[in-house]
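J.: If you scroll down you'll find the structure; I have some questions about it.
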Amino acid sequence: MTEKKYIVALDQGTTSSRAVVMDHDANIVSVSQREFEQIYPKPGWVEHDPMEIWASQSSTLVEVLAKADISSDQIAAIGITNQRETAIVWERETGKPIYNAIVWQCRRTADICEQLKRDGLEDYIRDNTGLVVDPYFSGTKVKWILDHVEGSRERAKRGELLFGTVDTWLIWKMTQGRVHVTDYTNASRTMLFNIHDLDWDDKMLDVLDIPRAMLPQVRKSSEVYGQTNIGGKGGTRIPIAGIAGDQQAALFGQLCVKEGMAKNTYGTGCFMLMNTGEKAVKSENGLLITIACGPSGEVNYALEGAVFMAGASIQWLRDEMKLISDAFDSEYFATKVKDTNGVYVVPAFTGLGAPYWDPYARGAIFGLTRGVNSNHIIRATLESIAYQTRDVLEAMQADSGIRLHALRVDGGAVANNFLMQFQSDILGTRVERPEVREVTALGAAYLAGLAVGYWQNLDELQEKAVIEREFRPGIETTERNYRYSGWKKAVKRAMAWEEHDK
């Protein structure tokens, strides 16, 4: 029998699909990536073609094995991680989508959400699903599809249509329609799932008029769901054995599996998650309660805060303001000045996320004086990412009663040493940057590997979690608090800007 040397992680993201092969030491052996089209039918609407998601993801799987000259019988298992909340509805019989995937960023269901608020459902939704009423989550997207595609609700009631988030869609396709499942982490992002009963919530299904017959079975994040023979020479069937939504996969990939451990992912936005163990901590501070993975993929809970503009604000400096020609230049220019000269940039281009949740806030620059130059604005924009992270962390510590001792970080912007040092300074806590930056794929690989015995337990994985660099606070508490109070003042003035116009 051929030795099972490798694990494959499929990382289906918002703009691209990736496949990553890892060996037993969690080293990356091979990577393949394909971008796909973003569809914008109207302002604020975002769609993907589900068939293109599938084509891009399946081709990266074939490609990544061919590239490394690996046959499918050398693969122990496949793990899947995915963009969360994005909703797909397809025909059970043909596997054909009845509409494009409605992407997590899409705001078309704002009216449905406003109606839910008018109907007094906010508290019920928060208490039972852990989420706020927002177009972000899948439930209102599914309702929209059933409302707008003729005859679809009746077909769904007859069991002819299926719903899934991206993980469910991929597994359905990989198993030729034999397996219709999701995991607890993805289910917890739909606004249809009761995170305490660990089952679909009948009241939410009733309110949104979504037939239970179309919903997938919900399973643990680490177990064998089915097998696929796609991707390899020799047609060996490979177990699909791990699923987690991208942020929960990153939390697991950073091995934040104990209560009080937290990670922040610095991508287009920031996503901070803190594991709260077996208890769902109620948030009084505008955070989401979501399901995360415990040490063997079982249900744990987490607090989650999303910042909308992190890397996106650096792109703004590059693309719209033309202050830098490359995102990497931001560190160089930020360190050419000793501080921001009193400037604060609030990058509320699309409103503010956690803990403010103000869709009417708008971007602003405060504290401008004659001596301010472009380097001060670049530095202040970078600092805004760290301030927003502190906003979320303060809310987490208040809700959980846990004082964070170290923050694990990942994502594109963590390569910026200035930002990471300032993050440590403004939090007053250690910031740990791992050697392997592909933590989302790593999380999916770990979940799959643990399910099939490729790795025995987490102790075996702890040795592989090497911290490449640790940043420690370098400023005094008084200085830290003074700077942060300036940020709070700036945010307050940027809030509710749009409402004044109306």
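Going from the start of the chain as shown, residues are counted 1 onward.
Backbone N, Cα and C atoms are what each Cβ position is placed from, and that goes for glycine too.
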J.: Given that Swiss-Prot annotates Thr14, Thr15, Ser16, Gly311, Gln315, Gly412 as ATP-binding, name the residue from Thr60, Thr268, Thr350, Thr369 that shares the site.
T.: Thr268
J.: Please identify which of Tyr40, Tyr124, Tyr136, Tyr225 is recorded by Swiss-Prot as part of the glycerol site containing Arg84, Glu85, Asp246, Gln247.
T.: Tyr136
J.: Just the number: how many Å between the Cα atoms of Gly311 (ADP binding site) and Ser16 (ATP binding site)?
T.: 17
J.: Determine, using Cα-Cα distances only, which of these binding-site residues is closest to Gln247 (glycerol binding site): Thr14, Arg18, Arg84, Tyr136.
T.: Arg84
J.: Taking only same-chain residues 6+ apart in sequence, whose CB is under 8 Å from that of Arg84 (sn-glycerol 3-phosphate binding site), what do you get?
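T.: Non-local contacts for Arg84 (sn-glycerol 3-phosphate binding site): Trp104, Thr165, Thr185, Asn186, Arg189, Gly245, Asp246, Gln247.
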J.: Measuring CB to CB from Arg18 (ADP binding site), give everything in the same chain under 8 Å that is also at least six residues away in sequence.
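T.: Correct list: Leu10, Asp11, Gln12, Val31, Ser32, Gln33, Arg34, Thr60, Ala441.
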J.: Please report how many Å separate the Cα atom of Tyr136 (sn-glycerol 3-phosphate binding site) from that of Ser16 (ATP binding site), as a whole number.
T.: 19
J.: Going by DSSP, is Gln247 (glycerol binding site) sitting in a helix, a strand, or coil?
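T.: Where Gln247 (glycerol binding site) sits, the three-state DSSP reduction gives helix.
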J.: Measuring Cα to Cα, how many angstrom lie between Glu85 (sn-glycerol 3-phosphate binding site) and Thr15 (ATP binding site)?
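T.: Distance between the two Cα atoms comes out at 15 Å.
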